[in-house]
Amino acid sequence: MWMLPGQNQSWVSEFILLGFSSDPTTNSILFIVFLLIYLCSVLGNGLIIMLICLDTQLHTPMYFFLCILALLDMCYVTTTMPQMLVHLLAHSQTISFAGCWLQMFVFGALGMTECTFFVVMAYDRYVAICYPLRYTVILNWGLCIWLAAGTWICGFFFSVLHTFFTMSLPYCGPNKVNHYFCEGPSVRSLACMDIHLIEMIDLVLSVFVVVTPISLIVASYICIAMAILKIKSTQGRCKAFSTCASHLTVVTFFYGPCTYIYMRPNSSYSPERDKQISLFYNAFTALLNPVVYSLRNKDIKRAFLKVMGYFWTMGSFYSS
(Lines of atoms letter the chains of each structure in order from A and count residues from 1; the text may use other names and numbers.)
(Lines give C-alpha, C1' and ligand atoms only; values in the text may rest on other atoms or scores of the structure.)
Protein backbone atom coordinates (compact mmCIF):
# COMPACT_ATOMS: atom_id res chain seq x y z
CA MET A 1 0.00 0.00 0.00
CA TRP A 2 1.04 3.61 -0.41
CA MET A 3 -0.39 6.93 0.78
CA LEU A 4 -1.81 9.45 -1.63
CA PRO A 5 -0.33 12.88 -0.81
CA GLY A 6 -2.75 15.21 0.91
CA GLN A 7 -5.28 12.47 1.74
CA ASN A 8 -5.62 10.21 4.74
CA GLN A 9 -6.43 7.18 2.61
CA SER A 10 -4.39 4.22 1.42
CA TRP A 11 -4.51 3.03 -2.17
CA VAL A 12 -3.72 -0.40 -3.56
CA SER A 13 -0.32 -0.69 -5.21
CA GLU A 14 -0.50 -4.45 -5.78
CA PHE A 15 -3.05 -7.23 -5.96
CA ILE A 16 -3.00 -10.79 -4.61
CA LEU A 17 -4.31 -13.42 -7.02
CA LEU A 18 -5.90 -16.17 -4.92
CA GLY A 19 -5.92 -18.72 -7.74
CA PHE A 20 -7.67 -22.07 -7.33
CA SER A 21 -6.45 -23.44 -4.04
CA SER A 22 -4.23 -22.71 -1.02
CA ASP A 23 -3.34 -26.38 -0.55
CA PRO A 24 0.25 -27.11 -1.73
CA THR A 25 -0.57 -30.67 -2.83
CA THR A 26 -3.55 -29.55 -4.89
CA ASN A 27 -1.47 -26.75 -6.42
CA SER A 28 1.26 -29.23 -7.41
CA ILE A 29 -1.29 -31.39 -9.23
CA LEU A 30 -2.85 -28.33 -10.89
CA PHE A 31 0.64 -27.18 -11.93
CA ILE A 32 1.28 -30.42 -13.84
CA VAL A 33 -2.18 -30.36 -15.46
CA PHE A 34 -2.02 -26.71 -16.54
CA LEU A 35 1.59 -27.03 -17.67
CA LEU A 36 0.59 -29.85 -20.02
CA ILE A 37 -2.40 -27.83 -21.28
CA TYR A 38 -0.19 -24.79 -21.89
CA LEU A 39 2.56 -26.72 -23.67
CA CYS A 40 0.07 -28.60 -25.86
CA SER A 41 -1.69 -25.33 -26.72
CA VAL A 42 1.50 -23.53 -27.69
CA LEU A 43 3.01 -26.48 -29.56
CA GLY A 44 -0.24 -27.33 -31.33
CA ASN A 45 -0.94 -23.79 -32.51
CA GLY A 46 2.73 -23.28 -33.33
CA LEU A 47 2.65 -26.40 -35.48
CA ILE A 48 -0.36 -25.10 -37.41
CA ILE A 49 1.41 -21.79 -38.04
CA MET A 50 4.56 -23.59 -39.21
CA LEU A 51 2.67 -25.93 -41.56
CA ILE A 52 0.68 -23.10 -43.15
CA CYS A 53 3.80 -20.99 -43.64
CA LEU A 54 5.88 -23.84 -45.11
CA ASP A 55 3.28 -25.44 -47.42
CA THR A 56 2.49 -23.21 -50.40
CA GLN A 57 -0.71 -25.17 -51.10
CA LEU A 58 -2.08 -23.78 -47.82
CA HIS A 59 -1.50 -20.17 -48.88
CA THR A 60 -5.22 -19.47 -49.28
CA PRO A 61 -7.54 -17.04 -47.44
CA MET A 62 -9.00 -19.82 -45.26
CA TYR A 63 -5.61 -20.96 -43.98
CA PHE A 64 -4.35 -17.39 -43.71
CA PHE A 65 -7.18 -16.74 -41.25
CA LEU A 66 -6.52 -20.05 -39.48
CA CYS A 67 -2.86 -19.06 -39.09
CA ILE A 68 -3.88 -15.77 -37.46
CA LEU A 69 -6.31 -17.59 -35.16
CA ALA A 70 -3.51 -19.91 -34.05
CA LEU A 71 -1.27 -16.91 -33.38
CA LEU A 72 -4.04 -15.25 -31.36
CA ASP A 73 -4.53 -18.39 -29.29
CA MET A 74 -0.80 -18.71 -28.58
CA CYS A 75 -0.59 -15.11 -27.38
CA TYR A 76 -3.94 -15.31 -25.58
CA VAL A 77 -3.05 -18.28 -23.41
CA THR A 78 0.45 -16.91 -22.75
CA THR A 79 -0.92 -13.75 -21.10
CA THR A 80 -2.30 -15.77 -18.17
CA MET A 81 -0.97 -19.34 -17.97
CA PRO A 82 2.76 -18.75 -17.28
CA GLN A 83 1.99 -16.43 -14.37
CA MET A 84 -0.61 -18.86 -13.03
CA LEU A 85 1.95 -21.68 -13.17
CA VAL A 86 4.45 -19.59 -11.20
CA HIS A 87 1.84 -18.69 -8.58
CA LEU A 88 0.88 -22.36 -8.16
CA LEU A 89 4.38 -23.11 -6.86
CA ALA A 90 5.50 -19.77 -5.40
CA HIS A 91 4.71 -18.52 -1.90
CA SER A 92 3.95 -15.03 -3.18
CA GLN A 93 0.95 -14.58 -5.45
CA THR A 94 1.15 -10.83 -5.86
CA ILE A 95 0.99 -8.76 -9.04
CA SER A 96 1.73 -5.06 -9.20
CA PHE A 97 -0.99 -2.58 -10.07
CA ALA A 98 0.81 -1.79 -13.34
CA GLY A 99 1.26 -5.50 -14.06
CA CYS A 100 -2.43 -6.12 -13.45
CA TRP A 101 -3.29 -3.19 -15.73
CA LEU A 102 -1.05 -4.57 -18.48
CA GLN A 103 -2.35 -8.14 -18.16
CA MET A 104 -5.96 -6.98 -18.28
CA PHE A 105 -5.27 -4.84 -21.35
CA VAL A 106 -3.38 -7.50 -23.34
CA PHE A 107 -5.80 -10.27 -22.37
CA GLY A 108 -8.77 -8.10 -23.28
CA ALA A 109 -7.21 -6.94 -26.55
CA LEU A 110 -6.47 -10.48 -27.72
CA GLY A 111 -9.82 -11.80 -26.52
CA MET A 112 -11.82 -9.03 -28.21
CA THR A 113 -9.75 -9.43 -31.37
CA GLU A 114 -10.59 -13.13 -31.41
CA CYS A 115 -14.29 -12.32 -30.88
CA THR A 116 -14.38 -10.14 -33.98
CA PHE A 117 -12.02 -12.41 -35.90
CA PHE A 118 -14.51 -15.29 -35.73
CA VAL A 119 -16.85 -13.08 -37.79
CA VAL A 120 -14.17 -12.81 -40.48
CA MET A 121 -13.76 -16.59 -40.50
CA ALA A 122 -17.54 -17.00 -40.78
CA TYR A 123 -17.54 -14.58 -43.73
CA ASP A 124 -14.78 -16.65 -45.33
CA ARG A 125 -16.95 -19.77 -45.09
CA TYR A 126 -19.96 -17.82 -46.39
CA VAL A 127 -18.10 -16.71 -49.52
CA ALA A 128 -16.52 -20.15 -50.05
CA ILE A 129 -19.88 -21.96 -49.99
CA CYS A 130 -22.26 -19.35 -51.44
CA TYR A 131 -19.88 -17.97 -54.10
CA PRO A 132 -17.31 -20.75 -54.73
CA LEU A 133 -16.39 -19.64 -58.25
CA ARG A 134 -15.69 -16.07 -57.11
CA TYR A 135 -14.02 -17.03 -53.81
CA THR A 136 -10.49 -15.87 -54.61
CA VAL A 137 -11.79 -12.80 -56.42
CA ILE A 138 -13.94 -11.60 -53.52
CA LEU A 139 -11.47 -12.58 -50.81
CA ASN A 140 -8.34 -11.25 -52.47
CA TRP A 141 -5.19 -10.82 -50.41
CA GLY A 142 -5.72 -7.08 -50.00
CA LEU A 143 -9.14 -7.60 -48.44
CA CYS A 144 -7.85 -10.46 -46.26
CA ILE A 145 -5.12 -8.28 -44.81
CA TRP A 146 -7.54 -5.39 -44.20
CA LEU A 147 -10.05 -7.69 -42.49
CA ALA A 148 -7.36 -9.16 -40.26
CA ALA A 149 -5.90 -5.76 -39.41
CA GLY A 150 -9.37 -4.37 -38.71
CA THR A 151 -10.10 -7.05 -36.11
CA TRP A 152 -6.82 -6.31 -34.29
CA ILE A 153 -7.54 -2.57 -34.31
CA CYS A 154 -11.08 -3.12 -32.97
CA GLY A 155 -9.85 -5.51 -30.29
CA PHE A 156 -7.15 -3.19 -28.98
CA PHE A 157 -9.45 -0.14 -29.15
CA PHE A 158 -12.22 -1.75 -27.10
CA SER A 159 -9.66 -3.19 -24.67
CA VAL A 160 -8.27 0.31 -24.03
CA LEU A 161 -11.77 1.47 -23.05
CA HIS A 162 -12.47 -1.61 -20.91
CA THR A 163 -9.14 -1.44 -19.08
CA PHE A 164 -9.21 2.33 -18.60
CA PHE A 165 -12.68 2.36 -17.02
CA THR A 166 -11.85 -0.62 -14.78
CA MET A 167 -8.40 0.40 -13.58
CA SER A 168 -9.28 4.10 -13.12
CA LEU A 169 -11.64 3.11 -10.28
CA PRO A 170 -10.38 3.82 -6.74
CA TYR A 171 -8.99 0.68 -5.06
CA CYS A 172 -8.44 1.67 -1.45
CA GLY A 173 -9.35 -1.39 0.57
CA PRO A 174 -9.17 -5.14 -0.16
CA ASN A 175 -6.59 -6.22 -2.73
CA LYS A 176 -7.26 -9.98 -2.93
CA VAL A 177 -8.56 -10.91 -6.38
CA ASN A 178 -10.45 -14.21 -6.26
CA HIS A 179 -9.17 -15.30 -9.66
CA TYR A 180 -6.04 -16.69 -11.31
CA PHE A 181 -5.46 -13.56 -13.41
CA CYS A 182 -6.60 -9.93 -13.54
CA GLU A 183 -9.97 -10.29 -15.19
CA GLY A 184 -12.12 -7.15 -15.32
CA PRO A 185 -15.21 -8.23 -13.31
CA SER A 186 -13.09 -9.83 -10.56
CA VAL A 187 -10.83 -6.79 -10.12
CA ARG A 188 -13.70 -4.32 -10.44
CA SER A 189 -15.53 -5.94 -7.53
CA LEU A 190 -12.77 -4.64 -5.19
CA ALA A 191 -13.35 -0.95 -6.05
CA CYS A 192 -14.35 1.25 -3.10
CA MET A 193 -17.12 3.12 -4.92
CA ASP A 194 -20.37 2.42 -6.69
CA ILE A 195 -19.47 0.68 -9.95
CA HIS A 196 -22.96 0.58 -11.48
CA LEU A 197 -22.10 3.13 -14.19
CA ILE A 198 -18.86 1.32 -15.10
CA GLU A 199 -20.77 -1.95 -15.34
CA MET A 200 -23.25 -0.34 -17.71
CA ILE A 201 -20.40 0.96 -19.88
CA ASP A 202 -18.83 -2.50 -19.86
CA LEU A 203 -22.18 -4.01 -20.85
CA VAL A 204 -22.38 -1.66 -23.84
CA LEU A 205 -18.85 -2.68 -24.87
CA SER A 206 -19.85 -6.33 -24.51
CA VAL A 207 -22.77 -5.76 -26.88
CA PHE A 208 -20.34 -4.50 -29.54
CA VAL A 209 -17.75 -7.20 -28.91
CA VAL A 210 -19.91 -10.25 -28.12
CA VAL A 211 -23.55 -9.81 -29.19
CA THR A 212 -22.85 -8.11 -32.54
CA PRO A 213 -20.28 -10.72 -33.69
CA ILE A 214 -22.57 -13.57 -32.62
CA SER A 215 -25.44 -12.02 -34.60
CA LEU A 216 -23.27 -11.67 -37.70
CA ILE A 217 -22.01 -15.25 -37.37
CA VAL A 218 -25.57 -16.56 -37.01
CA ALA A 219 -26.66 -14.54 -40.06
CA SER A 220 -23.71 -15.93 -42.05
CA TYR A 221 -24.56 -19.52 -41.15
CA ILE A 222 -28.23 -19.06 -41.97
CA CYS A 223 -27.15 -18.06 -45.48
CA ILE A 224 -24.68 -20.96 -45.56
CA ALA A 225 -27.38 -23.44 -44.46
CA MET A 226 -29.73 -22.21 -47.18
CA ALA A 227 -26.96 -22.61 -49.76
CA ILE A 228 -26.13 -26.13 -48.54
CA LEU A 229 -29.76 -27.20 -48.76
CA LYS A 230 -29.76 -26.25 -52.44
CA ILE A 231 -26.94 -28.74 -53.14
CA LYS A 232 -28.54 -31.81 -54.70
CA SER A 233 -26.01 -34.51 -53.83
CA THR A 234 -25.73 -35.82 -50.26
CA GLN A 235 -21.96 -36.05 -50.61
CA GLY A 236 -21.78 -32.41 -51.63
CA ARG A 237 -23.89 -31.37 -48.65
CA CYS A 238 -21.70 -33.33 -46.23
CA LYS A 239 -18.52 -31.86 -47.70
CA ALA A 240 -19.89 -28.31 -47.47
CA PHE A 241 -21.03 -28.82 -43.90
CA SER A 242 -17.70 -30.37 -42.83
CA THR A 243 -15.86 -27.20 -43.86
CA CYS A 244 -17.97 -25.26 -41.33
CA ALA A 245 -18.12 -27.81 -38.50
CA SER A 246 -14.68 -26.97 -37.10
CA HIS A 247 -15.42 -23.25 -37.02
CA LEU A 248 -18.82 -23.81 -35.37
CA THR A 249 -17.28 -26.04 -32.69
CA VAL A 250 -14.61 -23.51 -31.74
CA VAL A 251 -17.07 -20.60 -31.82
CA THR A 252 -19.44 -22.43 -29.45
CA PHE A 253 -16.71 -23.20 -26.90
CA PHE A 254 -15.41 -19.64 -27.04
CA TYR A 255 -18.58 -17.54 -27.09
CA GLY A 256 -20.54 -19.65 -24.58
CA PRO A 257 -18.32 -18.90 -21.55
CA CYS A 258 -17.58 -15.34 -22.76
CA THR A 259 -21.28 -14.53 -22.95
CA TYR A 260 -21.84 -15.85 -19.44
CA ILE A 261 -18.92 -13.95 -17.88
CA TYR A 262 -19.45 -10.57 -19.52
CA MET A 263 -23.19 -10.45 -20.28
CA ARG A 264 -24.72 -11.88 -17.10
CA PRO A 265 -26.21 -9.64 -14.37
CA ASN A 266 -23.89 -8.63 -11.53
CA SER A 267 -26.17 -10.29 -8.98
CA SER A 268 -25.16 -13.73 -10.30
CA TYR A 269 -21.44 -13.08 -9.78
CA SER A 270 -19.74 -16.19 -8.37
CA PRO A 271 -15.92 -16.05 -8.14
CA GLU A 272 -15.36 -19.79 -7.88
CA ARG A 273 -17.65 -20.61 -10.80
CA ASP A 274 -16.24 -17.75 -12.88
CA LYS A 275 -12.69 -19.05 -12.48
CA GLN A 276 -13.69 -22.45 -13.80
CA ILE A 277 -15.74 -21.06 -16.68
CA SER A 278 -12.99 -18.64 -17.75
CA LEU A 279 -10.67 -21.62 -18.26
CA PHE A 280 -12.84 -22.70 -21.19
CA TYR A 281 -12.38 -19.57 -23.30
CA ASN A 282 -8.84 -18.93 -22.06
CA ALA A 283 -7.06 -22.29 -21.90
CA PHE A 284 -9.27 -25.03 -23.34
CA THR A 285 -10.25 -23.16 -26.51
CA ALA A 286 -6.58 -22.60 -27.36
CA LEU A 287 -6.00 -26.31 -26.77
CA LEU A 288 -9.10 -27.32 -28.73
CA ASN A 289 -8.37 -25.33 -31.89
CA PRO A 290 -5.36 -27.36 -33.12
CA VAL A 291 -7.18 -30.64 -32.35
CA VAL A 292 -10.38 -29.64 -34.15
CA TYR A 293 -8.70 -28.12 -37.19
CA SER A 294 -6.10 -30.86 -37.60
CA LEU A 295 -8.22 -33.96 -37.01
CA ARG A 296 -10.96 -32.79 -39.39
CA ASN A 297 -8.71 -31.30 -42.03
CA LYS A 298 -7.08 -33.41 -44.73
CA ASP A 299 -4.93 -30.53 -45.99
CA ILE A 300 -3.35 -30.01 -42.56
CA LYS A 301 -2.70 -33.76 -42.24
CA ARG A 302 -1.13 -33.83 -45.71
CA ALA A 303 1.06 -30.83 -44.94
CA PHE A 304 2.17 -32.42 -41.66
CA LEU A 305 3.17 -35.68 -43.36
CA LYS A 306 4.91 -33.73 -46.10
CA VAL A 307 6.97 -31.68 -43.61
CA MET A 308 7.79 -34.76 -41.49
CA GLY A 309 8.89 -36.58 -44.64
CA TYR A 310 11.13 -33.66 -45.56
CA PHE A 311 12.80 -33.57 -42.14
CA TRP A 312 13.19 -37.37 -42.18
CA THR A 313 14.87 -37.20 -45.59
CA MET A 314 17.19 -34.41 -44.46
CA GLY A 315 18.06 -36.30 -41.28
CA SER A 316 18.86 -39.45 -43.24
CA PHE A 317 20.98 -37.44 -45.68
CA TYR A 318 23.13 -35.79 -42.98
CA SER A 319 23.45 -39.03 -40.94
CA SER A 320 24.81 -40.84 -43.99
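Just so you know, glycine gets a Cβ as well, placed from its N, Cα and C.
What TrEMBL records for 29-54, 61-81, 101-123, 135-161, 203-229, 241-262, 277-295 is transmembrane segment. Look at TrEMBL and you will find 44-293 tagged as domain 'G-protein coupled receptors family 1 profile'.
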Does the transmembrane segment (61-81) reach the transmembrane segment (135-161) with at least 3 CB pairs under 8 A, where each pair is 6 or more residues apart? yes
Quick check: do the transmembrane segment (29-54) and the transmembrane segment (241-262) share at least 3 Cβ pairs under 8 Å, counting only pairs 6+ apart in sequence? no
So if I exclude everything within five residues of the ends of the transmembrane segment (135-161), which remaining residues of that chain have a CB under 8 angstroms from its CBs? That is, six or more out. 60-61, 64-65, 68, 105-106, 108-117, 119-120, 123-124, 127-128, 201, 205, 208-209
What residues elsewhere in the chain lie close to the transmembrane segment (241-262), defined as a C-beta under 8 angstroms and at least 6 residues from its ends? 111, 114-115, 118, 121-122, 125, 128-129, 183-185, 202, 206, 210, 213-214, 217, 221, 224, 228, 274, 277-278, 280-281, 284-285, 288-289, 292-293, 296-297
Intrachain residues whose Cβ lies under 8 Å of the transmembrane segment (203-229), provided they are six or more past its termini: 112, 115-116, 118-119, 122-123, 125-126, 129-130, 158, 161-162, 237, 240-241, 244, 248, 251, 255, 258-259, 262-263
Any idea what the model's mean pLDDT is for the domain 'G-protein coupled receptors family 1 profile' (44-293)? 87
